[in-house]
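Engineer: Structure in structure tokens, see below.
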Ligand code: SF4
Ligand code: SF4
């Protein structure tokens with residue numbers, strides 16, 4: 001099979017100066033700026049509304065609409081009685097390419113439920129938001145549909161979500177109260193097992 005060698009074209013004198021390219025970029029940017037300025041002014045008086053102008057979202061006061069398939073912060077889905085749907089099968093932990101899921105499974109008193117997560121952590125500091133954990137779950141127990149995007153923190157440790165935050169996405173760090181009734185590894189009790197099935 002023949003090999004085709006492509007040689008890089010030599011720049012002309014004017015291209016080496018870069019000045020024409022700078023003015024070309026400025027011309028395009030200015031055209032967009034004045035077009036949007038004109039259209040927004042026209043829209044404010046009800047004219048030319050059929051011509052779309054580019055829009056800037058005033059985040060975070062004005063959150064941007066998210067597509068239905070957008071992957072945002074994780075959550076664990078719950079059963080009617082408030083326990084996690086997760087059966088501790090470890091599939092998500094196994095498939096996770098970033099290895100940022102930590103699960104400790106415990107025996108569930110209901111013989112129809114194989115196991116449950118005593119502990120379930122996700123380290124968002126290394127999660128790559130691939131969504132494999134959601135796709136692989138056989139119980140629809142984990143989803144990435146909270147719409148939460150602001151996961152910034154001051155330390156790596158604060159980027160780790162535990163079972164409290166995963167079951168209640170409205171919780172924000174520092175989480176100070178635990179209302180989970182089933183046995184779980186509770187950060188609020190120094191990492192000891194808290195709760196019971198009774
Ligand atoms: S989204 Fe991907 S990287 Fe993040 S926890 Fe799920 S499987 Fe792991
Ligand atoms: S979240 Fe789903 S895949 Fe992960 S351990 Fe629980 S049941 Fe298995």
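Quick reminder: no glycine exception, Cβ is built from N, Cα and C everywhere.
Relevant sequence annotations retrieved from TrEMBL are reproduced here:
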BINDING   86, 89, 92, 137  [4Fe-4S] cluster 1 binding site
BINDING   96, 127, 130, 133  [4Fe-4S] cluster 2 binding site
DOMAIN    74-106  domain '4Fe-4S ferredoxin-type'
DOMAIN    118-147  domain '4Fe-4S ferredoxin-type'
Engineer: Of the binding-site residues 127, 130, 133, which one has its Cα closest to the Cα of residue 89 ([4Fe-4S] cluster 1 binding site)?
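Structural biologist: For residue 89 ([4Fe-4S] cluster 1 binding site), the closest Cα among 127, 130, 133 is found at 133.
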Engineer: Which whole-number mean pLDDT does the model give the domain '4Fe-4S ferredoxin-type' (118-147)?
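Structural biologist: The average pLDDT of the model in the domain '4Fe-4S ferredoxin-type' (118-147) works out to 97.
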Engineer: Could you state the whole-number distance in Å separating the C-alpha atoms of residue 96 ([4Fe-4S] cluster 2 binding site) and residue 86 ([4Fe-4S] cluster 1 binding site)?
Structural biologist: 16
Engineer: If the criterion is a C-beta within less than 6 angstroms of any ligand 2 atom, which of the binding-site residues 89, 92, 127, 137 pass it? List them in sequence order.
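Structural biologist: Within range of ligand 2: 89, 92, 137.
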Engineer: Residue counts in helix (H, G, I), strand (E, B) and coil for the domain '4Fe-4S ferredoxin-type' (118-147), per DSSP?
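Structural biologist: Grouping H, G, I as helix and E, B as strand yields 5 helix, 8 strand, 17 coil.
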Engineer: Within 10 angstroms of the C-beta of residue 137 ([4Fe-4S] cluster 1 binding site), what count of other C-beta atoms is obtained when all protein chains are considered?
Structural biologist: 20
Engineer: Mind giving me a neighbour count for residue 127 ([4Fe-4S] cluster 2 binding site)? Other Cβ atoms within 10 Å of its Cβ, every protein chain shown.
Structural biologist: 22
Engineer: How many Å lie between the Cα of residue 133 ([4Fe-4S] cluster 2 binding site) and the Cα of residue 86 ([4Fe-4S] cluster 1 binding site)?
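Structural biologist: Rounded to a whole number, the Cα-Cα distance is 12 Å.
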